[in-house]
Amino acid sequence: MLRVVVESASINPPLSTTPKAFVTVYFRDMMKRTRVEEGHDPIWNETLIWHLWNQPLENDSFLKVILQDSVSKKKERFIGLATVPLKRLAQRPKEVMFVRDLILLNHSMKPTNCTVTLHVAQIYDQDTEMTGNEELLGSTVNEVTQKKLMVSGLPMHRALASKPQHFQVRVKVFEARQLLGNNIKPVVKVNIADQQHLTRIKMGNNPFFNEIFFQNFHEVPAKFFEENISIEVVDSAASRSKAEIGRFQTDIGFIYHSPGHTLLRKWLGLCQRNKTTSGVRGYLKVTICALGVGDQALVDQKLPYEQNTRVQIFKSKEVPVSLAYLQFFIYCAEDLHFGTHKSATPVLEVELIGDKLRTKPQNPSDNPIWNQILTFQIQLPCLSSYIKFRVMDCSKYKCQDEIGSASLCLSQISSTGEEIQGMYSGFLPCFGPSFLTLRGGKKPPFRTSEEGTCIMDAVQHGLAYRGRIFVEIVTKIKSQQDSVMKDLSQEVTQVEMQYYRQKYGLCVIFLSCTMMPKFKDLIQFEVSMGHYGNKTDPNYKPLVSTTQYSPVIYDGTTYHYVPWYNTKPVVAVTSNWEDVGFRMNCLNLLHITRDRLKTNLDILKSIRNPRDPALLQQWEKLLKELQEDCRRPLPCMTDQPRANSLDRNKWQLRSQLLQQLAQMAKEAKPVNMVGTAKEWLHRLNAVIPEPQESLPDVLIWLMSRQQRVAYARVPAHTVLFSPAGPLSSGKFCGKIQNILLQYPEGEGQDTFPASLRVCMWLGNVKYSKNLKLLQQGSMVVYAETYENQAKTRDDWGQQGLYHCPNFSDVMGRKALPKTDFKAPPGWHWKDDWVVEPQRRLLLDIDINKSQVLEEVYENQLRNATGAWVPAAIPNTDVNGQPVEALENVKCPQGWHFKKNWIVKLNHAVDSEGWEYGVGIPPSGLPQIWNSVEKTYHSCRRRRWVRVRFRNHKELGQERSQEQETLSFLQMQDLSEEGKEGWEYGTFDSRFHLDPQPTSRFRRRCWHRQLAPNKDRGVASIFLLEGSLAVEQKDQPRKEMEKTRSWQPWKDLRHTPEDPRIPTTPFIYYILNKPHYYQLFCYIYQARNLMYNQILTFQEPFIQVVFLNHSLCTQTLRSSAAPTWSQSIIFQHLLLFEDPKDTRENPPLVVLELWQHDSRGNKILWGRSMWPPVVWLGLQDWVFTPLRWHPLVRELGEEEGEILASCELILETQKLKELHPPILSIPCKDGIYLLPKNIQPTMKMMAIEIMAWGLRNMTKVRYPQLLLECGGESLKTEPISNFQENPNFPTSTFFFTVFMPLEETHAQPLVVKVVDNQEYGQQIVVGQANIDFLQPYFCDPWSLNYTTVKLPTLSVKKPDTFLDFVYKKFWFDSSKDEEVYEEEVDWWSKLFWATGDADKSLNYNHKSYHTLKVYDCELEAVLTFKGLQDFCQTFKLYQEKPKVDSPVVGEFKGLFRIYPFPEDPEAPKPPRQFSAWPEIEDFPQMCLVRVYLIRAINLQPQDYNGLCDPYVILKLGQTKLGSRDSYYPNTLDPIFGMMYELTCNIPLEKDLEIQLFDFDLITADDEIGSTVIDLENRLLSGFGARCGLSKSYCKSGPFKWRDQMTPSYLLYRYAKQKGLPPPVFDLEGDSLYYNGETFKLQSFESAPPTYKHLGPKKERLALYILNTQGLVPEHVETRTLHSNSQPGIDQGKIQMWVDIFPKMLGPPGPQVNISPRKPKRYQLRCIIWSTAEVDLVQETFSKEKMSDIYVKGWLFGLEEDTQKTDVHYHSLTGEATFNWRFIFTMDYLTTERACVQSQKDYIWSLDPTSTKFPARLMIQIWDNDFFSPDDFLGVLELDLSDMPLPAQNIKQCSLKMMETDSKWPFTPQKRISLFKKTNVTGWWPCQVLDGDKWRLSGKVKMTLEMLSEREALIRPAGRGQSEPNQFPMLHPPERNDSFLLWYQSPIKNFCYAVCKRYRSKIICLVVTLVIGFILLNFVYSAPSYFAMNWIKPQLRLSSPIKIVNLIGTVNTSNINSSILTMEGSTYHASHVFPEAPAP
């Protein structure tokens, strides 16, 4: 296969609208495309694969690469193309060809600045497990393969908002293979979120489903991504406990972030969940996609029942699939937060892809110890994004209350190895042992960024700290799983070292708090780290974790701020955590590398001009710093005793990546700089996340009225101190940083909470001895209490306090007597108590206001005579409180009045300003006021107002005023001044120093300063632990009773839960030396403010905010790209910071874009924030150049950008003497302009306009066009009769204008349509704003035609010896078959184009008749420029439109912009709109033919998951289509219809195609619709009116359909391009065109043999036309959309449109696209016999036997199941039947599928048509009388691709069913029964035994396929019934084995005994024979050995003589006679003569 990895691209010069780029790659006319990525430097790293099959690469092979921009509304914009020759790869197939920075060409084939980077390689079968159609069904146990399949590496997430959005999930189930089980009836359950969908029940182990399920969502993306998808295959015939066959699970987030949001045609391994013996139990082929608004579903062109999938992909080389087990070692938890519950029973729940396991419940404790192991079985690849942990409260037998949650990203605890280029294999998931932080409570707002690597980070978890869990994760790969849950034993002792804790100290200095909304109450900040510092947690020591209460002050424009000035509050929090410094050091080093790279990249991206010299300088700086950072070694983890497996694996991964990046930076060249740097940054971001950062984040809460309002989360590692050095410390450790606060989710969405500027330090307290965060200032620690007094009878004292204590805190909630304070350990009292007012609380409410409205109400009462007299209290405020009289109200110092008191008359009052009412006791104030006097009214009042203005002061006075404010805020002792320091007021109102006549309450603040003791080795502020006041248990009982009843007057609306609020000291950092600065902001322009480029900005202006100061630019008129060209100057800015600290971390400058709505209200559009450039002098100062900065909206989405720059200059002593401002900035009318050094350069540009006409405008009479650009305007002539001809009488216009030389700075072009009405009135009826002019810039001298490229003709190469051997000995499966050419039609062309049915079609002339199938709209094909090459369509809107404003019309036109010489004598460039269609030819009458092919994946509308679609066409007033012609019960209808319409273009130009769902009773629902602009197709120069065929045929099935011949088309094309007409020779085989001669032989290597081709002249002209990039004969795929779900894909429709203008002659012939009708076939299957069938029954003699019968059916036609008779008592597994099965099917030969139409239910209105593959199912069964029949085996044959049967039993085996053989010269023979219509032989049957398939029998069959006609000619009956012929089947001769026992018992007994004990008898006989031989040998061996040893040689010379010693016989006395041997007379020599004599 050929693999192309598309890495990245660079689009230069950048487009004003952020492009959504993708790359399309063509190889051998097969197109593949990448996903869409936003940005000018997109990075894909996406792999595209083409299968070469048996066609290897040749020297002339090439790739065509096209870079496109997917713009809005289904249009795509061409960017550039290039061709990559593959000659080098063909010659060196083992190498990888890297193509870096490939320069793209434009339409004129000229180089552009856009580049693409990719690499190409060839992959062979032995190198990968991927085979056939990119489907993976197994993998080996190779470690590298397993790790690379774990999770998707380097995910790229696009930013999503937190508001609910429309989403859609689709799951299409194709088929299953190799499902385990016997005689199963599988059904697939698809669970999407909580909705379950079921397929139809099928039969067999390889079922075919082809069903699709939809699920729509309207959810927040965070919740949508968390939902799971579960696909389960169950056996519907089995019991519920044994029904599950296998399942597959994933989460939607994983699918959404996959390429194309889709898993396309993937084989899923099915496994049983948590089963110890479970393996892969089958495979399921599915397509899963998750789509959002605007996402396009991938088009699957293949047939669902295509048979290209070979059996070998189901066979793995070593193991079926990679199975692994994730073991979770759950140790313990700590610091669990139970909320309102005092105790809970904690249980830890772990969730992985929907599977959940829980630990055992523990006793109620906040530190539970579980010590358990939870085991999950996973399949590699594990298609999940994260692991969830939840600690639940199960105290009430229900685990519903969640204590806290955490999550782990699989991509962060594992690696696929994709981060590093090379052989790095990654590592499997592992974690810990380490702590995970639990969170709960309020959630943060959802945001995802491109830098994120996990969508679950800080998304679904809360903000509040809920404790930590101590866990460990281990991945094991083994064949058998352990128990799901078990207890830990020895592992606990190995992790005890994790419990060692160290004391950490956290110090935070608050420097400023600005950009706040208005708070009526006092605010304070709380800092916490875990539970430490949380005031509401009583389990921890009180710490100095909160600041003093402060008010918020108005800044003079929009926001408020906290007036800290030189007194900065400080908090100090101590905590105890384990030592993770070794881990944080590595993380901080990586963050330094990433941050410096990102900073340099942002600067690089902001330089839009490629000719800017700063571009290369910044690139060199980036490379230099990256090399320095990457060569810095990371702390080694191999020698770290506390490091775990994940630490070591990540250290290895990070180290190798840094080494690789350093080398790449060293070799990098200045090409595609932004894209290369973005790729490096992306790879760094992938390895940076540290999941084992067990330290919780630092939380800063903004609190008001004891409620947490807004928060900021600071990662602990960013402020952590490291003794290893500053590089290992956090980037903000001891440094000033800017923090933006956020509201929790769902709160405060309309305001900005605050912008904080803080300095933080976190570290081990032993390193804090010499802690000094700021370079100047001193720290003050003091205790505080307030003395309270009330006024009773004109005397101040404690008598009138009632519920308020004598001494309390600032809120009056707690008693704090001075005698109860005690110094904390390590500190002592420095002085005695002194009175020091908190002047921050006493600031004037009118500070920073330029004008104040004062009001006094004059009150009168009606006396007894009815006259009005002054009331008892004549002057009050609006609430009735007494105030001074009008004449006594004095103007404060520094203010003045312009007008005196006047009566306000602009509300419901009478002519004198009085309003009347009836007084209601006891207050006497009326509840309702009326403007008309009645006799019963008892009182009246009127409102007197006046405005006072602040005096304007000079520079010196301003400084003195600033010093006054500072001196007022300074803390000082008042005892020496004779003042007592009392503050007058109430807790509900503001306190002030001056008493008022109505004052009844006063208080004063007492301070006592603390001083640290002698040095203790740590910073003294970390010793401030515990409460300063005496605990309540130490107080007297009376005092305790008194404190219980204390109430702070009337303002205690929120009381704390614990009344014992701890008393802690307050810490302040005093900075007495201020520094003054001047800030210069240069603002030029804002653009790209709307993605759809519709709305204009009404009176926009920019507000610049810097700390507590803000200024605004001038307000402009309405504009889509407002240009201010203005400088904003802030003078005398006061900062209490060291200038070096300010230069290193300056405050942020905030630019806010505002506009006005129709009511005049200000609306915030977006903000842009960045730090200014700081200059501490003007020695090296230069102007800061303008840069583009993104505008961020309220939810974090970047939309729009602003061109600006800022610089902050310190006012040194020399600069203070200069007149402000210190820089010379030009000023005009009081407005500072941009300095000339940074203004864009202007140049004269020519703008040509081709104004074609107006469309779809109603109620206009004489419209005309008005164009405005850069202060210049142009008007066209009005259209005289708009209703008859909406085109302009003159189409081309020209004018010049001065524009910026840089295209990115071009001013917008405004197109207005002005209607001339009666009496000369002109009204603007429509407007379009074109602010993106870059596509219209052109080179006027370039040529506008495409050169003809001659094709490279292939030359047949001579066969080599290996080729000869291959062809000689390779047995092709189709070698012996005749060439099969079936009848071709238009559908054949479609299948040739989509690649379907390749095996079934073998048409010799296929190459002559090809068409192009586009998977998108024709307008979306990049090469055709949206069919708007002649004129573009601009939507017209109202003059002041809103977001939902409708389109009021369209303007069709085009623009060309190019430099124009200012010298009148210079040559003028040629006009661009010279050769265009004659405008007099329009309107035109046209004949339109609409060919509707089919629809794909329509949205279901009915309850059965289907719909009944029908088509309605609308064109002008014409409407075609009928609801009666609906297609019942289908989501993929095949229309095959042609509609013919007549229209008048352009009056009738919009063709609307609607699909409706037919409903019998209710109204029909619209499925979706699509609109085609016919005028664009008619006018386009790409010939879109009629696609160009590949061949010119005068007759035949593919007859030329255009109304013009190719030669005339070529003549018109040359005329359109301004070229001379082509000239043909007399014979027509040569052509002179555009200065070149072309011959027909250049395109045809040999004379064509196809008989229907036309003459040579036309063929040659057609060849030339096909090289010009014209629209070919095609089928386009259009997306359907519906108003019910805007932006969501509702399905696709494939179609094409032909347009024939009547002025060009009669139209061409129609194309017959009628759907193919299936042919009826009859399959006759004769079951002759079986053999070697398993025997499953026992006879009386324990003999195995079976009663065999055979069952068969066609797949999908299970209701027509047939079976043979029963062969009883088979003792050998042999059975004879002679039985005929007859099956009838409707078969589509071209699609290789059977078609069936039947009703699902009796009450169904229409039948449902289904297609399924032609498969024959044969099963062997054992017949039982009482119990269910036993299943013995199954055979499944695909009739279109089946193995050739064996001719004898011995050759029949399971190897026949394999598609590929192990040996290349012995392939398995495969046939199609539709071609070879009759076969006979043996086939194997198999049965599942355990988890493996084995041979269970063999069946001999004859399969015969007959057409319907042949079946009528040769009729036959089923079984053995009549007509029993062809052939005649006789009943088999079967002997009843049961009766044979009685007929020949001895014979049968011997047979039974021999059969049963055959082996035993043979063994016994052999044993007896061997035993007899051995016994005989043992018996004879001793004698033989003895004789052999002795060797006797016996020789006898004479016999032995016997002598009668008695002499005579005494017969009378026999008893006395004795016979003796005379041995004494003979010698031994007589016996042995050889013996020597004695």
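Using the three backbone atoms N, Cα and C, a Cβ is placed for every residue, glycine included.
Taken from Swiss-Prot, the feature domain 'C2 1' applies to 1-100, supported by sequence analysis. Broken down by DSSP into helix, strand and coil, the domain 'C2 1' (1-100) contains 5 helix, 56 strand, 39 coil.
Shown for the domain 'C2 2' (145-265): DSSP residue counts in helix, strand and coil, namely 21 helix, 56 strand, 44 coil. Residues annotated as domain 'C2 2' in Swiss-Prot, with sequence analysis given as evidence: 145-265.
Swiss-Prot lists 307-424 with the feature domain 'C2 3', giving sequence analysis as the kind of evidence. DSSP assignment over the domain 'C2 3' (307-424) gives 4 helix, 54 strand, 60 coil.
As annotated by Swiss-Prot, domain 'C2 5' applies to 1225-1345, with the evidence given as sequence analysis.
According to Swiss-Prot, the feature domain 'C2 6' maps to 1467-1587, an assignment based on sequence analysis. Per-residue confidence over the domain 'C2 6' (1467-1587) averages 89 (mean pLDDT, predicted model).
For Asp1508 (Ca(2+) 1 binding site), the number of other Cβ atoms no farther than 10 Å from its own Cβ, over all displayed protein chains, is 22. Under the heading Ca(2+) 1 binding site, Swiss-Prot lists Asp1502, Asp1508, Asp1557, Phe1558, Asp1559.
Under 8 Å, Cβ to Cβ, and six or more positions away along its own chain, Asp1559 (Ca(2+) 1 binding site) finds Asp1508, Asp1565. Per Swiss-Prot, Ca(2+) 2 binding site is recorded for Asp1502, Asp1557, Asp1559, Asp1565.
Marked as domain 'C2 7' by Swiss-Prot on the basis of sequence analysis: 1705-1853. Across the domain 'C2 7' (1705-1853), DSSP assigns 3 helix, 77 strand, 69 coil.
Less than 8 angstroms from the CB of Asp1824 (Ca(2+) 3 binding site) sit Gln1737, Asp1747, Asp1830, each of them six or more residues away in the same chain. Residues or ranges marked as Ca(2+) 3 binding site by Swiss-Prot on the basis of sequence analysis: Asp1824, Ser1827, Asp1830.
Annotation comment: Swiss-Prot describes 1961-1981 as transmembrane segment.
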If you measure between the CA atoms of Asp1502 (Ca(2+) 1 binding site) and Ser1827 (Ca(2+) 3 binding site) and round to the nearest Å, you get 42
Against the domain 'C2 5' (1225-1345), which of these stretches has the most C-beta pairs under 8 Å: 1-100, 307-424, 1705-1853? 1-100
Would you find the one among the binding-site residues Asp1502, Asp1557, Asp1565, Asp1830 whose Cβ has the most company, meaning other Cβ atoms within 10 Å? Asp1557
Would you mind checking how many other C-beta atoms are within 10 angstroms of the C-beta on Phe1558 (Ca(2+) 1 binding site)? 20
The domain 'C2 6' (1467-1587) and the domain 'C2 2' (145-265) contact flag, 3+ Cβ pairs under 8 angstroms: yes
What Cα-Cα separation, expressed in whole Å, is found between Ser1827 (Ca(2+) 3 binding site) and Asp1557 (Ca(2+) 1 binding site)? 49
Other than Asp1502, Asp1557, Asp1559, Asp1565, which residues of the same chain sit close to Ca(2+) 2? List them in sequence order, counting a residue when its Cβ is within 8 Å of the Cβ centroid of the site. Gln1501, Cys1507, Asp1508, Phe1556, Phe1558, Thr1562, Asp1564
Quick one: which residues besides Asp1824, Ser1827, Asp1830 have a Cβ within 8 Å of the Ca(2+) 3 site's Cβ centroid, in sequence order? Val1736, Gln1737, Asp1822, Asn1823, Phe1826, Pro1828, Asp1829
Neighbouring CB atoms within 10 angstroms of the CB of Ser1827 (Ca(2+) 3 binding site), all protein chains considered, total 6
Secondary structure content, the domain 'C2 5' (1225-1345) (per DSSP, counts of residues): 12 helix, 58 strand, 51 coil
